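One structure is given below, encoded as structure tokens.
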Amino acid sequence: MKKIKGQIEERGYWGSKTEFILAVAGIVIGLGNVWRFPYLCYKNGGGAFLIPYLVFVVTCGVPLFLLETAMGQYTQEGGITCWRRLCPLAEGIGYGGQLIILYSCMYYIIILAWALFYLVFSFSSQLPWASCDNTWNTDDCVNLAANNLTLNRTMLINSTSSVTEFWKNRVLSLSGGIEEIGKINWEILLCLIAMWIICYFCVWKGVKSTGKVVYFTATFPYVMLLVLLIRGLTLPGALQGVVFYLYPEPARLFDPQVWMEAGAQIFFSYALGTASLTVLGSYNKYNNNCYRDSLWLCLLNSGTSVVAGFAVFSVLGFMAQKQGVPIDEVAESGPGLAFIAYPQAVAMMPCPQLWAACFFIMIILLGLDTQFVAMEVFMTSMMDLYPMVLRKAGRREIFLLLFCLFCFFSQLIMVTEGGMYVFQLFDYYACSGACLLFLCVFESLAMGWVFGAERMFDVIEDMTSSRPNYIFMLCWKYLTPLVSVVSFVCSLVKYKPLTFNRWYVYPDWAYVLGWLLALSSIILVPAWALGQLIVVKGSLKQRWRHLCSPDKNLPVTCKQQTQIQENTLITEMEVFVKCCTK
């Protein structure tokens, strides 16, 4: 159908159930499943870590996953306007979540630029990070992949691996600190531009384009992961790595830090608190079985994390055996795993170019669908907030272009010589687990007590024709807020200032900037509630009642229709009796 200039476009739906499943899988299954979960598992008690992990899955992960998805499907609104219809007092939760999404869009894509840079070099005749004969190498460089390596432990401590020097000196051109921003790395900048162009065209037509792209970006990483898993398990030393990954240490269960990290991993990997699930669920038809979808997607997420651990640690076990060092000296989390440990491992394998290409293609695709689905979440929330302006023909493409340009120019500082320090500042503070925990506390309180857990149960039953397990109501009202509050308080008590590589301490102004980034999303929740209580007219009781009342135009459930009919019948009977007694 031809678009008419100035005409308001329809919001639209997913083309099929598969598109919804793959889009949600795209944003909840990302780099954290590959480089964060395996590291946390081995670091915090191996197989014993699965106990606190599963506790958080049951009390917070699955209940909030279902709640957010059902909120979107019920209201057919984005991350901000859904709160306007369900509980206007809590609309600040929506604004806070979208601000975190904005921060993540501003820094997350940098990882993809680094991965693309590595992918390009993976097709070299010799992997550049597997030798010390390059211009960026120092006199302390040592090639750990060399077959004739005969270095003692002291020499290894005083030297730097060729992989680490490639990462720091070639990719990052790392300066001495955040105070030394330095010049732009033009090669990384070109990779960044390429990733933004790809993301733009993945999202520019809304769910029509996003729903089609995820067929590839959300499924192909599993092919790569399976290939790497099979290859890893066939390497010498793989069993040693797997045992190290899962060896249980029950004593670690008494450490509060272990529980806190398990909770943070759930909130990160399940994409909770940012309304991502709400937005994706809002493109479902009203009668979609979001209850069943949520359970399967949570299982897929956690299952992927565990399987990725086998793929990663089988390779790290091989690497440790090859170097003759303990596995805990090669196991790292975050960029250290993707850009130091794993490239070092593939450099030791036969046909290293093939395995390097497979690994970085997987990293790019895992990160790519997380990035562009996050962009779709932000776009949908803004378009639902200003539909008369942004839903006119051609406006979406222009607004998306402006959004991409804003994020791109704001992250130019991250492709400089001091950019890694800024990147970690955003990662540690702006999108931290404490921010997500805070939003989720108020989300569960608002929906469990103000909107009503019983009413939400009736909504889900009306949409899916199946009533959820009673444990979900128990979680929304009691367990989820309690566990989230305890985790939030523990994260503040156990707070440690950010450092880089355990030696660089940020200046005081950088920590102030970090806390401002963290508080900027948190403060929106009480600020919005207080502002509305001041602005809305009437007595305090009237204002409170108005701001806690859902929109009267929300879909009416079958149970509500029955109650309305019963009330109408009772009223008519009372009127009839009064007339007869006169």
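Even glycines carry a Cβ here, placed using N, Cα and C.
No curator has checked TrEMBL annotations; they are predicted automatically.
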Tell me, from Cys105, Cys132, which cysteine TrEMBL puts in a disulphide with Cys141. Cys132
Give the one range among 20-37, 184-203, 398-414, 426-450 whose Cβ atoms make the most pairs under 8 Å with those of the transmembrane segment (49-67). 426-450
Integer Å value for the Cα distance linking Ser269 (Na(+) binding site) with Cys132 (disulfide bond) is 37
Using all protein chains shown, find which of the recorded positions Cys132, Asp369 scores highest when you count other CB atoms within 10 A of its CB. Asp369
Within-chain partners of the transmembrane segment (398-414) [C-beta distance under 8 Å, separation at least 6 from its ends]: 102, 105-107, 109-110, 181, 184, 189, 192-193, 196, 199-200, 203-204, 375, 378-379, 382-383, 390, 420, 422-423
Within 8 Å of the Cβ centroid of Gly26, Asn33, Ser269, Asn301, Leu366, Asp369, the other same-chain residues by Cβ around the recorded Na(+) site are Ala25, Ile27, Val28, Ile29, Gly30, Leu31, Gly32, Thr304, Thr370
Among the binding-site residues listed as Asn301, Leu366, Asp369, the Cα nearest the Cα of Cys141 (disulfide bond) belongs to Leu366
Could you list the residues of the same chain, at least six apart in sequence, whose Cβ is under 8 A from the Cβ of Asn33 (Na(+) binding site)? Ser269, Asn301, Thr304, Ser305, Ala308, Leu366
Expressed to the nearest Å, what is the distance separating Asp369 (Na(+) binding site) and Cys132 (disulfide bond) at their Cα atoms? 35
